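These notes are about the structure you will find just below.
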Amino acid sequence: MWSATRRSAAVLAAAIFTLMINPSSCCEFITTTLPPAATGACKPVTWENKNDNGAATPTTTSVAPRPTHTYAVPWKLGSDVQEGEIFCRYHAKTYEDVGPNECARLADRYGLSLDKFYFLNPTLVAPDCGGIRPWTSYCVRGFIEPVRAYDGWCGPDHRDATCIGMDRGQCCNSETWRCGDRNDEDCAPGICYEGVCWGHKVYTTDGTCGEQNGGRQCAGKWGDCCSKDGRCGTGDEFCAEAKCQSGNCVCDHV
């Protein structure tokens, strides 16, 4: 900055001296000798790489983008999932490095059994995680979409349609085979076949019980004792110690 000022002063002094000697040359000297007026702006400073010829080259740094994850089990909205398809509610991602232990790692991380992980991801081959791919999303929360009782009819006579998630009620009444939500009827033990209740696998809906019938218990209209021959009822024929296998069995002695 100071050097430019000194040069301008020297040029001005030379112009004055020339004017004193030869006044007619004033305008010509000034217009051809004086430097152009300064703009007042500093020239920007940049760092540049030079090639072999001295020319500037770009200094950009390129980073390879990550691959896009693909879904091993397609992600769908609930309304788009068809019966019998896997309805996956949550996916877990793999990255660049995968191997035969990746299936076990994902199953352990998301708290499901290895068998369930393979069930939710049928493209994988047990037991060595065959077919596992990098940059892929695998299902770790989900189920097979059941037949739903959209028309209100449920149970064995209606393709085993479930009432779960239905607006009419989420309990399948084994007496009417209709979905409902009455706690003392549709959802009661001994009546509710399936849904938001204990269901027929815990409490009988046909009067059979005991170890010979899947361990089902007796309740409601069926009585509270299961006889040794696997029938529900009440009274000594079912509840006496010598005849009762489960329920409110009565001891013959204290």
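Note that Cβ sites are derived from N, Cα and C of the backbone, with glycine treated the same way.
TrEMBL labels come from automatic prediction, so no person has curated them.
Looking at the candidates C209, C218, C225, C226, TrEMBL gives C225 as the cysteine bonded to C239 by a disulfide.
Least crowded of the disulfide-bonded residues (C225, C239), judged by neighbouring Cβ atoms within 10 Å of its own Cβ: C239.
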